[in-house]
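Copied from TrEMBL, the annotated features are:
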type	residues	note
ACT_SITE	200	active site, GMP-histidine intermediate
BINDING	144, 145, 176, 177, 178, 179, 183, 200, 201, 202, 203, 270	GMP binding site
BINDING	144	Mn(2+) binding site
Ligand SMILES: Nc1nc2c(ncn2[C@@H]2O[C@H](COP(=O)(O)O)[C@@H](O)[C@H]2O)c(=O)[nH]1
Ligand SMILES: [Mn+2]
């Protein structure tokens, strides 16, 4: 489905791929769209929900600046009044900008090495219990909180995907549902209006604290029936009912990704 709502009362528009977004998240998106260095528009994915400073499920392209969202540095230095101190940003060419970019890339490589190690362990475990199988070199690798230099709408810009994944034409991605719902392996369609992006999951409909108050262990038992997983109070904050409907999210982003595989988990491991 194409963009369902556009907020137009800021410097650049906010294009939203769902009609299911609360007022506080809209306010947060509008704050971002008002910043002087935001490029063209802000894209909000179908799993959009409130975050710290920047909204989860948002894609923000910026000229010569990056918003690390939770850095909270002292912006008076730049004589800029921010609508939210968690929108503090590093202007390109300043002391810590390059350090920040280098650190982000280091963290991404570290995360990649971790995923590779986990994948190797899982494959070893599967090989011990399943009939012989072959492993191909194809693996899905997708970060959902990161910044990268990309070209969009005629400019080289920094693109921050906060709870969003890259979905250029042909990019493979994973869009997980919850402990109880389905998950999807997708292929990007390279939709320019989304800055070639996609939702990173179902997205929360309620905060962790609200979920803990709202649901009981009996609800968890019921909502994860058929899945081997923890059913205790310690994982109530991730109960399926705390998330949006993943199938609706997938329907809302038909123009962003193509579904290659639909997965229904049988085991869910949470630390
Ligand atoms: N398949 C599963 N998906 C899950 C589970 N818990 C959460 N989720 C989904 O992932 C996204 C991203 O999670 P986040 O912790 O990075 O926000 C979230 O929006 C859910 O849709 C799970 O146990 N299994
Ligand atoms: Mn995460």
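Residue 1 is the first one shown; counting continues down the chain.
Any Cβ shown, glycine's included, is placed from N, Cα and C.
Source: prediction; values computed, not measured.
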Most distant Cα pair in Å, residues 144, 145, 176, 177, 178, 179, 183, 200, 201, 202, 203, 270 binding GMP: 21
Binding-site residues considered: 176, 201, 203; fewest surrounding Cβ atoms within 10 Å belongs to 176
With every protein chain in view, how many other Cβ atoms are within 10 Å of the Cβ of the residue listed as 'active site, GMP-histidine intermediate'? 24
Check the binding-site residues 178, 183 for other C-beta atoms within 10 angstroms of each C-beta and report the one with the most. 178
Provide, as an integer number of angstrom, the distance between the C-alpha atoms of residue 183 (GMP binding site) and residue 200 (active site, GMP-histidine intermediate). 11
Please report the number of other Cβ atoms within 10 Å of the Cβ of residue 144 (GMP binding site). 22
Residue 183 (GMP binding site) falls, by DSSP collapsed to helix, strand or coil, into strand
